[in-house]
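Right, one structure below, let's go through it.
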């Protein structure tokens with residue numbers, strides 16, 4: 001692919017422009033995504049994050065000059081890529097959809113893997129997302145300095161540090177890298193350590209790095225720039241004067257500016273004075289750009305009050321937009337500069353906003369979230385746990401939400417979940433009323449997987465209680481033997497000694513013969529002259545049977561079965577079979593065969 005000549009005057013019409021490649025960072029929780037970016041940008045935003053997990057996308061521009069100063073081996077290369085723009089996508093797999101948005105938005109990605117732990121469920125999910133989005137990626141094998149015996153050299157390229165290690169350490173590093181290679185191969189990816197890759201189009205590069213010491217970071221940046229320069233230059237070429245398109249990361253109040261929106265601009269140009277279309281809680285609106293504030297190079301867009309006022313911004317970049325009427329803009333929504341067809345732009349945004357990727361059910365949970373991405377992510381996580389969602393909306397929890405949740409029939413789904421969104425005062429009052437507090441379970445928080453864990457724990461406990469109550473009502477299979485020499489009374493009621501051959505015998509059940517005919521109703525049981533309610537396989541007990549005469553309905557040494565109603569048989573075979581041991585299952589099969597001779601569908 002030949003390099004295109006790029007003119008530096010961005011004000012000329014139809015001037016080709018190589019935009020900054022957008023890079024997303026994905027991986028398992030706590031494997032070091034944010035720490036890696038901290039090392040690259042020389043700042044720290046970890047401490048203020050909920051649960052130490054990034055909850056909103058951030059953006060960092062790393063200019064090519066900074067990258068070249070870190071990666072000495074690139075100084076003699078003719079680099080046309082202006083730098084790298086990193087999106088710090090949330091780390092936990094509960095944010096699948098938001099990460100997928102990042103993947104679709106990004107030109108390339110870094111998948112972070114703790115070299116000491118290897119692939120985890122979220123890591124595997126990350127590579128699947130990137131495969132689905134057709135986004136090329138590099139694997140950063142982080143925490144290199146935690147390899148036992150590793151001797152660190154601050155900010156050193158990997159190969160230089162690697163050469164200084166003893167044989168035992170180098171062998172351990174090789175083993176850890178090839179563990180990653182093997183896991184990637186299991187998922188259909190060919191990979192190798194970056195310095196051994198001859199064809200980056202066919203093989204994934206694995207770059208061992210340490211965010212703590214900076215080792216390997218120059219190599220990682222060099223591989224990213226090399227990939228973009230070699231394989232993406234044509235795709236990254238755009239017309240400067242095209243109308244800008246971006247995604248709203250966050251709505252923020254800024255002193256002296258009022259409500260502003262942080263935007264990742266991924267196409268075209270946005271200028272002061274442009275009319276833009278935005279998605280708000282009141283629908284698609286238009287407004288005029290009052291000012292543009294771009295982060296200074298090497299600054300994170302989440303760190304406030306460090307912005308440059310600019311007249312225009314060219315993709316790709318993180319930019320703060322100040323304009324009237326931004327306070328109701330929905331985070332995660334598209335923003336477009338209006339060109340020749342304003343209605344087409346507004347219709348396009350409206351369509352995108354209504355096509356939220358959420359599967360709803362006639363009955364299920366009600367969830368509210370602060371952003372579209374968070375809403376989709378929460379719904380996806382619930383769906384993965386086979387939890388239906390009845391209603392999912394962006395916005396605050398209202399009185400109407402509480403009232404609607406109370407009407408849900410299934411107590412397991414009579415739940416209201418709020419992710420990172422406030423509860424309106426009248427809704428708070430309603431949730432405190434005893435009638436609603438007893439009926440509705442409310443969960444809220446700013447870390448999705450914590451909310452999910454709390455819900456699952458509550459649901460499992462409630463389900464256990466409900467199952468226990470249900471089990472108490474279900475008649476379980478059992479088989480008994482009438483013992484010889486143990487007829488204590490012939491009838492009214494018959495009292496005999498029996499041995500439970502299998503299953504659990506409870507009072508109040510009907511007994512049937514092996515030909516299916518009724519033998520009477522078990523009214524009471526005694527074990528060692530003590531009244532009991534149930535007996536188990538191997539027990540020998542005395543039982544009283546109403547409606548039976550020994551020698552007529554049954555006799556000694558007869559085997560009797562517990563009579564199970566047809567509707568109970570269906571529940572036992574479809575829902576409770578795992579709770580039965582093999583002997584009880586055999587008795588159930590023996591019992592159902594009696595009735596399925598005439599009707600094969602009995603109890604099904």
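Even glycines carry a Cβ here, placed using N, Cα and C.
Listed in Swiss-Prot:
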| type | residues | note |
| --- | --- | --- |
| BINDING | 27-34, 88-92, 142-145 | GTP binding site |
| DOMAIN | 18-232 | domain 'tr-type G' |
| REGION | 27-34 | region 'G1' |
| REGION | 52-56 | region 'G2' |
| REGION | 88-91 | region 'G3' |
| REGION | 142-145 | region 'G4' |
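Classification of residue 33 (GTP binding site) by DSSP places it within a helix.
Each residue of the region 'G4' (142-145) gets a DSSP state, and the totals for helix, strand and coil are 2 helix, 1 strand, 1 coil. Over the region 'G4' (142-145), the average per-residue pLDDT in this prediction is 95. For residue 30 (GTP binding site), the Cβ neighbour count at a 10 Å cut-off comes to 17, with all displayed protein chains included.
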